[in-house]
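Everything on this sheet refers to the single structure shown next.
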Amino acid sequence: MLIVTIVLAVLLGAVRWMTRGHAAPARTPAGRWAWVWAVAVVVAALLIGIRSVQIVGEPGAISQTFDNIFHLNAVRYILDTGSASPLEVGKLTSANLWFYPVGWHEVVTLALQLTGVAIPVAINATWIAFSIVAWPLGALLLARTLAGSTPAVAIGAGVVAAAIPAFPILMVDYGVLYPYHAALALTPAAVAATVAVFRLGREGDGLPLGWSIVAMLGTLPALALTHPGAFVTWLALTLPVAAIALIRFARRSSGRPCAWTIVAFVGYLAVGFVALRVLRPPLEATLWPPIGTTGHAVGDVITVSPYGAKIALVVMVLMIGGIVVAARKRRPADAVALSMFAVAALLYIIVAGVSSATVRQWVTASWYNNTPRLAAVLPMVIVPLAALAVGAAWAWFMRRGFAERRLQGAAGVVVAVVAVAVLAASTQLGRAMTAAVDHAHAGYRATENAALVSPDELELLEELPEFVPEGVAIAGSPWTGAGLAYAIADRPVLMPHTLMDVDEATETINESLATGDDAALCAAIEERNVGFVLDFGDREVHGGDHDYAGLDELANSDAVVLVHAVGDARLYEIVACEAP
């Protein structure tokens, strides 16, 4: 860490030295509206924050989803090992998993260490923080870069950034994909910095080139270490940015771009191609099918209703309006906004509506061929277009409705406030947002029929330290939520996740615990230091049926004795191999 800090300090010092001759940019007329942009960020944060609280319900609520088993236990693993290295955390489930992106887990662990709260509370605080801080700041920065810095653009971007269910709501509902959610929240800032590097923003060059490069390169490691899917998203969205920059340079050079420009562009393509190959998940993880036809997928994009969401009518109108405005203006920033939208839309259409396995494997496999992951990319490119439409509409309205100077002041402010209120209410109270919030909230409720853990099971997990000594491992089916004893009770478990390498000792316990006390079973129990077993019934997180013969019918087994029960959730102590 010290070496990284020193290197960064040297690089920043070098950039500062190289740009020392650049005078600070003069205060532009738009600069006086900086406070409006701050207000817009706050508006977005408040709207998203309210919805986030409605989703989670209570601070310690647990997402009742498949992936959350790993995320909860990975945080505990980092605390236990003292290592948050991406080369270490994957060993929680497989000694052969040499790399796992842990940027999000590191933030959760830091929050937990600073506050002392429980792991579920730290997880909820972290995803809400990414939703209300990183996402609004990045989305509005990208909107400012592509749509301009007027107050109307600011407010439009702020309201719309909080009004599309596909992000951030979908990623904390489906999966649950917390790391990808965090990485996508950071991606707009990386894209905006890239646009600045290529000098394609709407209003001048902004930062000196050196600082723009630092901003871009500084965000990319965060994307890759939080979730490689976000890094690939950055590659996809910035490919047209690089292409537009090359075309502009060629035109300025009388159609003959210099050799280094061509080399740089080819290098960009090569890096992207290699990254796509290296960061592509294994084939068995990319077998998600399309969810409909190509026509349905196109309709999803047009109506801003990806992955079965309700139609976001207001956002749809603004998005289409932004496309029309950008197509008519035809400035470089408009071309960037349109091309990025086209890329994101094409990716979604392929993953959601194209059945060709070859096409999907070449184009969308880096996102696991998983429709929700690419649905979540769409808001990133919709916000700038919608903001552009709001800015154009406000400019037209002011020219037509408030031409007289005496009405430009107070009346304009009143109309602006009313317009913001109407826009926020129409988006937040529409069917798209309310349905998305209701669906997400259901996934955080611990009910008797909850997919992962019921209230009784959760209570038993919290009481485990009273019955299970430290260091003694617990057996149990991870598909039923029993593996969460590690995260919630700080007791080791045989299987901290459903998808993991199972050694011979663990397999022996899983298959023969309830049926006997043979030498192989006793050796396995001693090797893994297993003293207890959790029985959470046969309800599984995905509604499947993963039978472990040694964990069935424990109530009728002489190998265990009941220690504690909360409702139907039971904790047994293993007595099969005790000396007579």
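Placed from the backbone N, Cα and C atoms, the Cβ positions cover glycine too.
What TrEMBL records for this protein:
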- 33-50: transmembrane segment (TRANSMEM)
- 125-143: transmembrane segment (TRANSMEM)
- 152-172: transmembrane segment (TRANSMEM)
- 178-200: transmembrane segment (TRANSMEM)
- 207-225: transmembrane segment (TRANSMEM)
- 231-250: transmembrane segment (TRANSMEM)
- 257-279: transmembrane segment (TRANSMEM)
- 307-328: transmembrane segment (TRANSMEM)
- 335-354: transmembrane segment (TRANSMEM)
- 374-397: transmembrane segment (TRANSMEM)
- 409-429: transmembrane segment (TRANSMEM)
Close approaches to the transmembrane segment (231-250) from elsewhere in its chain (Cβ under 8 angstroms; 6 or more beyond its ends): 183-184, 187, 190-191, 194-195, 198-200, 220, 223-224, 256-258, 261-262, 265, 268-269, 272, 275-276, 279, 332, 335-336, 339-340, 342-344, 347, 366-367, 377, 380-381
Selected stretch (most C-beta pairs under 8 A with the transmembrane segment (374-397)) from 125-143, 152-172, 207-225, 307-328, 335-354: 152-172
Selected stretch (most C-beta pairs under 8 A with the transmembrane segment (152-172)) from 33-50, 178-200, 307-328, 335-354, 409-429: 33-50
Per Cβ pairs under 8 Å, the stretch of 125-143, 178-200, 207-225, 335-354, 409-429 packing most closely against the transmembrane segment (307-328): 335-354
Among the ranges 33-50, 125-143, 178-200, 207-225, 335-354, the one whose Cβ pairs under 8 Å to the transmembrane segment (409-429) are most numerous: 33-50
Contact ranking winner - 125-143, 178-200, 207-225, 335-354 against the transmembrane segment (33-50), Cβ under 8 Å: 125-143
Contact set, same chain, for the transmembrane segment (178-200): CB under 8 Å, 6 or more residues outside the stretch: 67-68, 71, 101, 103-105, 107, 123, 126-127, 130-131, 134-135, 137-139, 141-142, 144-146, 167-168, 171-172, 206-207, 209, 212-213, 215-216, 219-220, 222-223, 226-227, 229-231, 233-234, 237-238, 241-242, 244-245, 248, 332-333, 336, 340, 373, 376-377, 380, 383
